[in-house]
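Worksheet for the structure shown next.
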Amino acid sequence: MSPFLRIGLSNFDCGTCQACQGEAVNPYCAVLVKEYVESENGQMYIQKKPTMYPPWDSTFDAHINKGRVMQIIVKGKNVDLISETTVELYSLAERCRKNNGRTEIWLELKPQGRMLMNARYFLEMSDTKDMSEFENEGFFALHHRRGAIKQAKVHHVKCHEFTATFFPQPTFCSVCHEFVWGLNKQGYQCRRCNAAIHKKCIDKVIAKCTGSAINSRETMFHKERFKIDMPHRFKVYNYKSPTFCEHCGTLLWGLARQGLKCDACGMNVHHRCQTKVANLCGINQKLMAEALAMIESTQQARTLRDSEHIFREGPIEISFPRSIKSETRPPCVPTPGKSEPQGICWESPLDGADKTAQPPEPEVNLQRASLQLKLKIDDFILHKMLGKGSFGKVFLAEFKRTKQFFAIKALKKDVVLMDDDVECTMVEKRVLSLAWEHPFLTHMFCTFQTKENLFFVMEYLNGGDLMYHIQSCHKFDLSRATFYAAEVILGLQFLHSKGIVYRDLKLDNILLDRDGHIKIADFGMCKENMLGDAKTNTFCGTPDYIAPEILLGQKYNHSVDWWSFGVLLYEMLIGQSPFHGQDEEELFHSIRMDNPFYPRWLEREAKDLLVKLFVREPEKRLGVRGDIRQHPLFREINWEELERKEIDPPFRPKVKSPYDCSNFDKEFLSEKPRLSFADRALINSMDQNMFSNFSFINPGMETLICS
């Protein structure tokens, strides 16, 4: 982290300057931070960040980089400039360091006047031996929760890069030429050529995207494949009624010469869209796609018949009559075996969903399904809201039948669809269904849904999360941090053994049970099927924890979890993040380039582990190469006993009752626990079949209900 100054400005004295008389009664200041750069014209200072307007007697932070200066301008309501001065931040930092980390000086302004400025220097917590000084100042880097981010999912079709898009104005599909209905992110739009389509029409796109179709590979593609090379004959046209562009789908604005019209097929486009329209004059993409699909299905059926014919005739040519006779035996009916049930999926017909006949199921499944069909949100009493976000809310809920307490995560279907996160929700459900196999993963009992919401019923962990606890003690001692880290390692290694990359490890997602053992929670960012050499390249995670290979756009595997684990361990031991920046751009630059600062008081084994986790070459990072369990920091850990929870945790949270929620943020607990209702029109237009495989029951839920 680069050091920074916390600066406060106050007591502006205009002096004897007559020009500011009357305006100096209530002046304000502007702060411009400028960077030193070398250019062809010589040395110069450039402002890269927005101008700040700090109120008097307030503070702001300025990072100390070589050559960075701060220009302070005092202004009045009717006067552009009263006075100003420029301060070199490095010199100000040196003055602070010589005066026990703080200074207070009068700045002489030009042309006249002066201002009182106080500054305090911050680097790392290691610069202060007395923790009480930080407690009095209230300065800790880990004072707020940090949300995860995920790059929009890109659908690659014929070189198009379609992403779910919100259309702020009426838009028509460029494939079927029908209106794109719905709210929020109604359809897809190509990031390269701006073509807008329905989500349902994505399989009907036949034109390749190159960003520009003139003399492009797209023309050659259709010329060779379909013998189609029909350029449009566009001419400027005056439209007398509202008309929409048939490429990007939006309205042609203006009073005259609003767009272009093809003389041959009558296609209407914007001037800006002309160069992006494919040479498909007179071609109906929808009908063409349906015809091609029919041809393909016919060819596949013919190929399948030919392969079956060859398979049947093959043994006769080899002359194995007895084998042929044995093939005519009636098929065997499988008998049910004694296998432990891993969970039962069921779906009750939702209002507005298609009700189709389902094949009969085994009797045991029908019995369980009949029991679980009764599970709905009305079977629970919502006592408190434990947390919320854009996705939905988390509640403390009591099951009416057994008086047991659960944590219910309620997702809003409209938000899930709007963010194109249906598959992420299904992944979270599948990962949670595996969690019963490991003690340090949050256990899920069941999932169910209504027309508006998706519900995860999980165990209630009333010990709170590590972010809540670290805010009260600022950092964990070595034994406590080591214990938590060891249990996190076991949880991560279990997920990796199942081909799952977690991708969102952070203090907020590590919960404590009433005994003080950790539980990893929130699996919405997980990636499945990552065994062997499999890799992915989705940009996602919480900014402070994102690995450098993700920022560089490289393909990655479970190596990113070990980088995030290093950030987590650093925060537990030192009390703040290893990488910093005033915005995401600076933070990501710090992650890619900077080396974390290690305080002098940090144990040698802990520093060695962090250094090996913060290796920027993924294949050389500890956890990917080498056994992290064998590191000297964990030499006193008995891993088998730890996994059996036979080692007492160093900290036991204060829990008064099974429904105690005192270890959660008060800002959420004070709100009324109720579901957020979605827009009725949007819900009615939603395809409920997208969530047809969501509902699930774990055998553990049946055991709890029937006990």
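Cβ from N, Cα, C; glycine included.
What you see is a predicted model, and the numbers here were worked out from it, not measured in a lab.
Residues or ranges marked as domain 'C2' in Swiss-Prot: 1-107. Over the domain 'C2' (1-107) the predicted model carries a mean pLDDT of 77.
What Swiss-Prot lists as phosphothreonine is Thr219 (among others), and the listing cites similarity to another entry.
Per Swiss-Prot, the feature phosphoserine maps to Ser348 (among others).
Here Swiss-Prot flags 380-634 as domain 'Protein kinase', drawing on sequence analysis.
Annotated ATP binding site per Swiss-Prot: Leu386, Gly387, Lys388, Gly389, Ser390, Phe391, Gly392, Lys393, Val394, Lys409, in sequence order, evidence recorded as sequence analysis. Under the three-state DSSP scheme, Leu386 (ATP binding site) falls in the strand class.
Annotation comment: Swiss-Prot describes Thr538 (among others) as phosphothreonine. According to DSSP, Thr538 (phosphothreonine) sits in a coil region rather than a helix or strand. The local packing around Thr538 (phosphothreonine), expressed as other Cβ atoms within 10 Å of its Cβ over all shown chains, amounts to 16.
Residues annotated as domain 'AGC-kinase C-terminal' in Swiss-Prot: 635-706.
Annotation comment: Swiss-Prot describes Ser676 (among others) as phosphoserine, evidence class a large-scale study or a structure entry. Within its own chain, Ser676 (phosphoserine) has Gly392, Lys393, Lys412 as residues 6 or more apart in sequence whose C-beta sits under 8 angstroms from its own. According to its DSSP assignment, Ser676 (phosphoserine) is coil.
Ser685 (phosphoserine) is surrounded by 13 other CB atoms, counting those within 10 A of its CB over all protein chains shown. If you look up Swiss-Prot, you'll see Ser685 (among others) marked as phosphoserine.
Secondary structure at Ser695 (phosphoserine), as computed by DSSP, is coil. Among the features that Swiss-Prot reports, phosphoserine is placed at Ser695 (among others), with the record citing similarity to another entry.
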Tell me which of the modified residues Thr538, Ser685, Ser695 ends up closest to Val394 (ATP binding site) in space, Cα to Cα.
Ser695
By CA distance, which of the modified residues (Thr538, Ser685, Ser695) lies nearest to Leu386 (ATP binding site)?
Ser695
Whole-Å Cα distance, Thr538 (phosphothreonine) to Ser685 (phosphoserine), is 30
Integer Å value for the Cα distance linking Ser695 (phosphoserine) with Ser685 (phosphoserine) is 21
Using Cα coordinates, what distance in whole Å links Ser685 (phosphoserine) and Lys388 (ATP binding site)?
26
Close in space, distant in sequence - Lys388 (ATP binding site), Cβ under 8 Å, 6 or more apart:
Val394, Phe668, Glu671
